[in-house]
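Here Swiss-Prot flags GLY10, ALA11, GLY12, LYS13, GLY14, THR15, ARG123, VAL132, TYR133, GLN200 as ATP binding site, drawing on sequence analysis. Sequence annotations record features per position, and here Swiss-Prot assigns AMP binding site to THR31, ARG36, GLN57, LEU58, VAL59, GLY85, PHE86, PRO87, ARG88, GLN92, ARG156, ARG167. Look at Swiss-Prot and you will find 30-59 tagged as region 'NMP', backed by sequence analysis. Per Swiss-Prot, region 'LID' is recorded for 122-159, and the stated evidence type is sequence analysis.
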Amino acid sequence: MRIILLGAPGAGKGTQAQFIMEHYGIPQISTGDMLRAAVKAGTPLGLEAKKVMDAGQLVSDELIIGLVKERIAQDDCANGFLLDGFPRTIPQADAMAANGISIDHVIEIDVPDEEIVNRMSGRRVHPGSGRVYHVVFNPPKVEGKDDVTGEDLVIRPDDEESTVRKRLGIYHEQTKPLVDYYGKVAAEGNTKYTKFDGTQSVAEVSKLIQAALS
């Protein structure tokens, strides 16, 4: 089963991706994770990507397509995969089709912008462990401190409100057209397309996705 997850940054795609991956036994291919790994490793591409992401911009198609093509050629993708955060644009979707990468089901998780701003700008991260908190939904025991080590929590540059709003603007401009694109592909019978209300509970959204995929 080859699945694409669509939705704005902060819509909860990562959480649902985890559910789908475990439930169906297919790997999640998150361009964000691939990019963060490159940034952490300090590779030339990683450093270039960090500069772009910190400014709230999107990295080049060339870099992302190279990473994705390499990844889905691996053995664990033989039974399918879940793409999270790719394609972002119609040219990327066209490039996938041109490379013979067919998709069985496209899932969109829809959340209003203001809800996303509240979700993302409230995130706090412990740099040493990667533990993530939220000032409203999952606060640390002591404000601004990691529960385990007591060390300071930080706001990732891409969780700053101004950066979140900039990324949402880019999403609406570049990625929203994919909704129409895959709607047409589905109408032609070449994939299935389902939209979900992402403001519902995580468990409810998971249940609805499972029903749509079965």
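First residue shown is number 1, and so on along the chain.
Positions of Cβ are set from backbone N, Cα and C atoms, glycine also.
Locations of recorded Swiss-Prot features on the structure.
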residue : record           : Cβ neighbours (10 Å)
GLY12   : ATP binding site : 20
GLY14   : ATP binding site : 17
THR31   : AMP binding site : 21
GLN57   : AMP binding site : 13
VAL59   : AMP binding site : 19
PHE86   : AMP binding site : 22
ARG88   : AMP binding site : 19
ARG123  : ATP binding site : 20
TYR133  : ATP binding site : 20
ARG156  : AMP binding site : 15
In sequence order, which residues at least six apart in the same chain have a CB under 8 Å from the CB of GLY10 (ATP binding site)? VAL111, ILE116, VAL117, ARG119, MET120, VAL164
Provide the three-state secondary structure of GLY14 (ATP binding site) computed with DSSP. helix
Cα-Cα, whole number of Å: TYR133 (ATP binding site) versus ARG88 (AMP binding site)? 27
Secondary structure tally of the region 'LID' (122-159) (DSSP, helix then strand then coil): 3 helix, 10 strand, 25 coil
Maximum Cα-Cα separation (Å), residues THR31, ARG36, GLN57, LEU58, VAL59, GLY85, PHE86, PRO87, ARG88, GLN92, ARG156, ARG167 listed as binding AMP: 27
Neighbouring binding-site residues, C-alpha within 10 angstroms of ARG156 (AMP binding site) - of GLY12, GLY14, ARG123: ARG123
Between the C-alpha atoms of THR31 (AMP binding site) and GLY12 (ATP binding site), the distance in angstrom, to the nearest integer, is 15
I want to verify one value. Collapsing DSSP to three states, which class is THR31 (AMP binding site)? helix
Coarse DSSP state, helix versus strand versus coil, of PHE86 (AMP binding site): coil
